[in-house]
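Enquirer: Questions regarding the structure given below will be posed in turn.
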């Protein structure tokens, strides 16, 4: 039942926020903050008491499970389940949700109640995505997180140049994700009907469909349907067009959620659905997926270097980082998949940090154009130091969580795909270039305008420091995280049965 | 006890960084200085404690398991042996003296807190680099020192050229780091471990001598070393890195960080011995770098750039030693070089501050009476740099390198080393004459303000000056037991001949320089102004044009790529469906014009078309 509550709490909190605007301006903020912290606390409590070791043979892989019939006629259930991976991601959602509320404390001044309703509805949808096991329910939540995001960008976004309005960005985001969602829906329904014609049983259940016997080449096309849906969201080049616009035009809270959590739903989807449902097809497809990952790493990095808008720059770096995740997911190595999970968490911290920082800069100098920055080191206390921390994280400096993630991915992938790793390593140099370019343009050089600007207040300082501490903590001692997700990553890696040569090779030595 | 001392030695600078970073703004300049210098002083004391407690046995300290997934189990663990203790002593000892001097140098600068926070973080990272018992922790320190170097080169952030220099330093070394990272991937895949001792134990068992894997692994590690240690072709960042404050150049870009590559190769000696071809390459790169940099040093006007090229040249000697398998000699020269180059940089710093940030030799000169302490530092440091026989530290270590090269029968490398020694003499004399003798070239040089502070100005220079003499060479304990035997251990004849040659080269350099710069001044000036001389000057001044070359083949194509892709071409392709839909929409809208006759026309036309199709279709209605 607690799983149902994890989903319901944000939705209820959202409705409360909406109505509480009548009482005072601050009420929605405090309610939203409390709601997200509540989600965080529940997931931490679950984590504390959970047993994440590999299930014994025949045992359940889930720590918690909850199911109730919904539309029995079509075999649709409300089936929720939680394992280490979903727990980590739900906790991350709670944490970043709280940050998103905090970072819009002063930024959002209109329709505060409705803003927080949308924010919490997104987060509720995301939690649902991480918990739903029934494919129909998963699809429902997958779509549910898009609509409030659309409003968030369209109503509270920034409009850049005349050609790049927030409405346009919101529409583009919506069309991209809707079109890809449609592909996934078709794939889901086709899968269900194939299973129906095989067995006469109509079911959307994950456990049942995992064992569905889908003939080739249909299975390959269905796998592709899932993959493209997730690829748009991750995003994988060439399906990335919505991301820079959405980020640039979204309010800070929107960018934080988008980069921090929404992109992770795609990686989660691949891990949870695309790979286990179609293991052979995915393995056959792995070289293509890894190549797409490589393209993403390089292409995202090159474009990041060419941006003038600080938020667009950060958006393109996300594409580059997610390329590493994609490579890892299709590497068939436990080490790499574990690394991908660490990198997902790390990227959530570092990109959230950078987006919040650019939001704070915007509140002070009212521009996101880096040509109008420069020399800020002398004008703002403390913030440049924090920027450097997140820039260092983003370029994969050791001792940050990003380093652990990226290097685990590269170490894990190297035995099976050395050439891929060599090319991906170029991305490490490019990461240094775009990250330091940001630093250089914003904080170094001559001052564009003079005069001191306000330093961070306690709220801003607290948010930044928390993120830095988390990044370093995961970077220096990722083991609790790794232990939590080991039972998830191991079986996924085993799906590609010849991906395990790393262990074999190293085993010869001992 | 040992474990505690070693752990303290790097935790104290880290604590210093944290205090300075978290209390930023609340600490006054004086308090920041005390914290910054004091923490490194305490680290030096902790190191001393560790050295005294050392009993010759390698000791391991595992703090915690960093990552544990299957075979991949790097720890946060330290290995303390003679080599790491020598490196620690240099880092904290020389580091402390430089911090002390920095307290004088940085007085009155904006952002002292930031300066000392970076410096302490650097000492912390450098200590982890030399202490890490596995390659991943070593890599942590390796990248950490790179980041600190970045932050300190760009310390004077207002001048965007400094920012660019910092950027260049980081990116160029990062290219080397990627090679090192690939080396780690390969080593882990093949040997199943990253623990340095285990790697060195397993490699000879699993890899054949001179085999492809061993060569590749050594080559990749070498790539990392070249970047950090500013050797050809990844050396272009070092001269630009002089944009940082001079104590930074002394600590990071002379004494410690740039020698990390030498440390890395010495640490992984077993790996390199398996790859003799790569070993030879190490020596050749060292020889090329030392000559190339020595020539470049001849034609610089900025005193710090002369010293930068000199550093690169001296590290070339260390690579030369590594290349012939004389690891002990390389570390010996690393230590003495840290002493005398730190002295030279700090003395240069004293000149620069005394002359109001003037560092161009053409605008200095005639300072020797007015800045006696700095002059003394330059004389002692310069003597060690040219390896003046018997009295200087540099003589003993450089002699050792040349002797090992000769014993290894690498005549080509030996000749390069001897020619380099002559060139070293010439550029050192030119540097000292240009800075301290002749006529003052500007108002700043006419009225220098000498440093007077006993503790923060005189003391560090005096201690380093003492260390730069033969006393410094005595202090080096010798690490022969830790390393495989050097080539010189088996050869017993010819050492005297070599010493004569080495002394001869150093003295020849000095005499040649004296002749050129004292007696043939005008002739030389005339030669340099036109013809071949002018061209040579340009080539050497630009250090053989590597910057221009890389600019053309790497930087500009990259910038063009960025420029043309800026609009996101792939995304434009994805917009095609939208454009097509809009075009279709425009076409269909036009047909809805509300005029009856055009509708009738279209109807007639359409009906005709359909009927015709039906009639003409084979087997149709007709």
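Easy rule for this one: first residue shown is 1, then count along the chain.
Keep in mind that glycine also has a Cβ here, set from the backbone N, Cα and C atoms.
Copied straight from TrEMBL:
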type: TRANSMEM; residues: A:30-50; note: transmembrane segment
type: TRANSMEM; residues: A:114-133; note: transmembrane segment
type: DOMAIN; residues: A:132-429; note: domain 'NADH:quinone oxidoreductase/Mrp antiporter transmembrane'
type: TRANSMEM; residues: A:139-158; note: transmembrane segment
type: TRANSMEM; residues: A:179-198; note: transmembrane segment
type: TRANSMEM; residues: A:218-237; note: transmembrane segment
type: TRANSMEM; residues: A:258-278; note: transmembrane segment
type: TRANSMEM; residues: A:284-306; note: transmembrane segment
type: TRANSMEM; residues: A:313-330; note: transmembrane segment
type: TRANSMEM; residues: A:336-356; note: transmembrane segment
type: TRANSMEM; residues: A:376-397; note: transmembrane segment
type: TRANSMEM; residues: A:417-439; note: transmembrane segment
type: TRANSMEM; residues: A:460-477; note: transmembrane segment
Enquirer: If contact means at least 3 Cβ pairs within less than 8 Å, sequence distance 6 or more, would you call the transmembrane segment (A:313-330) and the transmembrane segment (A:114-133) in contact?
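Expert: No, these stretches are not in contact.
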Enquirer: Sequence gap of 6 or more, Cβ distance under 8 Å, 3 or more pairs: do the transmembrane segment (A:114-133) and the transmembrane segment (A:258-278) meet that?
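Expert: Per Cβ check, the transmembrane segment (A:114-133) touches the transmembrane segment (A:258-278).
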Enquirer: For the transmembrane segment (A:284-306), which stretch among A:139-158, A:218-237, A:258-278, A:376-397, A:460-477 has the most Cβ pairs under 8 A?
Expert: A:218-237
Enquirer: Take the transmembrane segment (A:258-278) and find every residue of the same chain, 6 or more past its ends, with a Cβ under 8 Å from one of its Cβ atoms.
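Expert: Distal contacts: 85-86, 89, 92-93, 96-97, 99, 122-123, 126, 129-130, 135, 138, 142, 145, 149, 191, 206, 209-210, 212, 214, 219-220, 222-223, 226-227, 229-235, 243, 246-247, 250, 314-315, 318, 322, 325-326, 329, 337, 340, 344, 347-349, 351-352, 355, 488, 492, 495.
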Enquirer: Report, as numbers and ranges, every residue of the chain located at least six residues beyond the transmembrane segment (A:218-237) whose Cβ falls under 8 Å of a Cβ in that stretch; write 'none' if there are none.
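Expert: Counting only partners 6 or more residues beyond its ends, the transmembrane segment (A:218-237) has Cβ contacts under 8 Å with 176-177, 179-181, 183-184, 186-187, 190-191, 194, 243, 262-263, 265-267, 269-270, 273-274, 277-278, 280-282, 284-285, 289, 292-293, 295-296, 299-300, 319, 322-323, 325-326.
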Enquirer: Would the transmembrane segment (A:460-477) count as touching the transmembrane segment (A:376-397), if touching means at least three Cβ pairs under 8 Å and pairs must be 6 or more apart in sequence?
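Expert: Result for the transmembrane segment (A:460-477) with the transmembrane segment (A:376-397) is yes.
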